[in-house]
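Visitor: Take this structure first; my questions come after.
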Amino acid sequence: MSIHIKQSTMVRPAEETPNKSLWLSKIDMILRTPYSHTGAVLIYKQPDNNEDNIQPSSSMYFDANILIEALSKALVPYYPMAGRLKINGDRYEIDCNGEGALFVEAESSHVLEDFGDFRPNDELHRVMVPTCDYSKGISSFPLLMVQLTRFRCGGVSIGFAQHHHVCDRMSHFEFNNSWARIAKGLLPALEPVHDRYLHLCPRNPPQIKYTHSQFEPFVPSLPKELLDGKTSKSQTLFKLSREQINTLKQKLDWSNTTTRLSTYEVVAGHVWRSVSKARGLSDHEEIKLIMPVDGRSRINNPSLPKGYCGNVVFLAVCTATVGDLACNPLTDTAGKVQEALKGLDDDYLRSAIDHTESKPDLPVPYMGSPEKTLYPNVLVNSWGRIPYQAMDFGWGNPTFFGISNIFYDGQCFLIPSQNGDGSMTLAINLFSSHLSLFKKHFYDF
């Protein structure tokens, strides 16, 4: 698909901002490699009659000038996003130098319908999400990049490339909400808090009370012959209606559990089982379920301030053999998920912070496999609490929100319906040879 870049603007904060270095916690640094951004897209389909949605000060649907001006104002309280990474000794910092965020305005001769259901893929990412050149060094590229793309049908997309060292998805969408509110002439809903050292520094002396295997590489050695013919990967979407979710939950044996299981716990357990069955591994092989968890509500001694802007993502991990996942009921599997999530309390997370800081060479947790490596584990990332409906810049709510590209086999995202009908969509990357079996098991209930 063709795309034409009309202009690229480095948007600086509208006012003078603090010129300082911002300390990053190990939690900030280990979720992604420093030479990478995370992509997401918002889709807005222009209404047939949009008189009530158009900004009164603009005759253009999604006026770039309004968005750029609002972005410049939003970068004042969120000034680290206008900075650059730098290295200080053995760790990264954010140089809050106000160099700016990249805003790209583009247009395409295609229509939004050409992208079908907006499943994540390389082409969607290429067309809708901005990129940068990493070859010039760690301080050369912006930490936030945004692209407004107009399509022939009148609809638009806003693609984000966000650097994970700056903040996690929740903080990023709080920033987007502030940007959207400013574009409508409103004040930001939250005042961001950027001091990571004050709130997430390690204790002295460290108090490591648990074994934190979730911060170690997750790739075990598997027989090479299992890889034969499995070099092509596919990204796709699988939808679960409210009725299907209720049917799945009705299959649970509630007599064997003393607590109620949440929808996420049930669906995540179901995905874990379905992927395990689809891969055709031996019964004795272990398969882990890895779940990124927002620690904001779990850290309470002391609690994080409202508006904390940084990474508060920790990993909950369940382990089972392929045979156990196939034979045991879903109630047991979902119970394992619940148990792993409950274990991430304040005491455990503070211990995890101390553990990460005590390991100077701690690697990025391996959340999937590179090309030509068979990876037995599954990562299920929930986007259920992301306020995507707050992304109204003055022209109405998005009609779609999702990840733009999933790079690793076994990585998936659970995204709730945008229309509030109780359904959810699973975006997943698997080897192409596993997809048909996964679909069979995923809908077999």
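Cβ coordinates come from backbone N, Cα and C, glycine included.
Under the heading active site, proton acceptor, Swiss-Prot lists His164, Asp392, citing sequence analysis as support.
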Visitor: What's the CA-CA gap between Asp392 (active site, proton acceptor) and His164 (active site, proton acceptor) in angstrom, rounded?
Guide: 24
Visitor: Quick one: what's DSSP say for Asp392 (active site, proton acceptor), helix, strand or coil?
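Guide: The residue in question, Asp392 (active site, proton acceptor), is coil (DSSP, three-state).
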Visitor: Can you check which residues sit near His164 (active site, proton acceptor), meaning Cβ under 8 Å from its Cβ, same chain, 6 or more apart in sequence, and list them in order?
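Guide: Same-chain residues close to His164 (active site, proton acceptor) (Cβ under 8 Å, separated by 6 or more) are Asp28, Leu31, Arg32, Ser36, His37, Thr38, Asn311.
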Visitor: Provide the number of Cβ atoms within 10 Å of the Cβ of Asp392 (active site, proton acceptor), excluding the reference atom itself.
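Guide: Neighbour count, Cβ to Cβ under the 10 Å cut-off: 16.
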